[in-house]
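**Q** Checked TrEMBL, it gives:
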type     : residues                : note
ACT_SITE : 108                     : active site, proton donor
BINDING  : 11, 12, 13              : N(1)-(5-phospho-beta-D-ribosyl)glycinamide binding site
BINDING  : 64, 89, 90, 91, 92, 106 : (6R)-10-formyltetrahydrofolate binding site
DOMAIN   : 1-181                   : domain 'Formyl transferase N-terminal'
SITE     : 144                     : site 'Raises pKa of active site His'
Ligand code: GRF
């Protein structure tokens, strides 16, 4: 079983996954990192871990449809079975979803269906909820929708700031995502 990580930015979740993988915690092979952002730090992290990594932009490919087609061709050429989204900031198109039925997984920094979208942590903090958290779910055509696989709560205390909350959420993500992949891929 071969999986790819798709990421657009920092890649701290990729780091947690590759670390767990190298420890033998996650079955299968992390065969590819793909980014839609050529400058994303995740690509440097991939290189440091000697994981094959590649990147191209929508603009380079001449539009969304051609970009998705190129990505699908790449994933097929690399014989990828599962897609693991880790801070991938694009909506997955219908062709990719059809090519990977129930095989695309995402992590979101809130307790879905509360606070979907780009700013899950800040939105929960601003709203003033006392409990937020992290969700791992299968991806469908919506934004942060799709069947939920696992959730973990994070409490927001009186002394928390947006920074401390972000820190707490990321710590939970870095444990939860590898644990979910461990279980999911063991069943394959
Ligand atoms: C994480 O908070 C994840 O939940 C969200 O994007 C962020 C990615 O962080 N989807 P990183 O690039 O893995 O550090």
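Note that Cβ sites are derived from N, Cα and C of the backbone, with glycine treated the same way.
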**Q** In this structure, which of the binding-site residues 91, 92 has the fewest other Cβ atoms within 10 Å of its Cβ?
**A** 91
**Q** Counting Cβ atoms within 10 Å across all protein chains shown, which of the recorded positions 64, 90, 108 comes out on top?
**A** 108
**Q** Might you list, by sequence position, any residue in that chain lying six or more from residue 13 (N(1)-(5-phospho-beta-D-ribosyl)glycinamide binding site) with a Cβ less than 8 Å away from its Cβ?
**A** 5, 7, 86, 87, 107, 173, 174, 177
**Q** On a C-alpha basis, identify the one among 12, 90, 144 that is nearest to the residue listed as 'active site, proton donor'; the candidates are the recorded positions.
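**A** Answer for the nearest of the recorded positions: 144.
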**Q** What span in Å does the (6R)-10-formyltetrahydrofolate site cover, taken as the longest CA to CA distance among 64, 89, 90, 91, 92, 106?
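**A** Largest Cα to Cα distance for the (6R)-10-formyltetrahydrofolate-binding set is 20 Å.
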**Q** Ranked by the number of other Cβ atoms within 10 Å of their own Cβ, which of the binding-site residues 12, 106 ranks first?
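**A** Neighbour-count leader: 106.
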**Q** Look at the recorded positions 11, 89, 144 and tell me which residue has the greatest number of other C-beta atoms within 10 angstroms of its C-beta.
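**A** It comes out as 11.
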**Q** Measuring Cα to Cα, tell me the gap between residue 91 ((6R)-10-formyltetrahydrofolate binding site) and residue 144 (site 'Raises pKa of active site His') in whole angstrom.
**A** 9
**Q** Can you list, in sequence order, the residues of the same chain other than 11, 12, 13 whose CB lies within 8 Å of the CB centroid of the N(1)-(5-phospho-beta-D-ribosyl)glycinamide site?
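**A** Not counting the recorded site residues, we get 7, 9, 10, 14, 15, 16, 17, 42, 45, 86, 87, 174.
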**Q** Quick one: what's DSSP say for residue 106 ((6R)-10-formyltetrahydrofolate binding site), helix, strand or coil?
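**A** It is in a strand.
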**Q** Using Cα coordinates, what distance in whole Å links residue 90 ((6R)-10-formyltetrahydrofolate binding site) and residue 12 (N(1)-(5-phospho-beta-D-ribosyl)glycinamide binding site)?
**A** 18
**Q** Can you tell me the CA-to-CA distance separating residue 144 (site 'Raises pKa of active site His') and residue 92 ((6R)-10-formyltetrahydrofolate binding site), as a whole number of Å?
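**A** Cα-Cα, rounded: 11 Å.
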**Q** So which recorded positions out of 12, 64, 89, 92, 106, 144 are up against ligand 1, CB under 6 A?
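**A** From 12, 64, 89, 92, 106, 144, counting a Cβ under 6 Å from ligand 1 as near, the near ones are 12.
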**Q** Please report the Cα separation of residue 64 ((6R)-10-formyltetrahydrofolate binding site) and residue 12 (N(1)-(5-phospho-beta-D-ribosyl)glycinamide binding site) in Å, rounded to an integer.
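**A** On Cα coordinates alone, these residues lie 26 Å apart.
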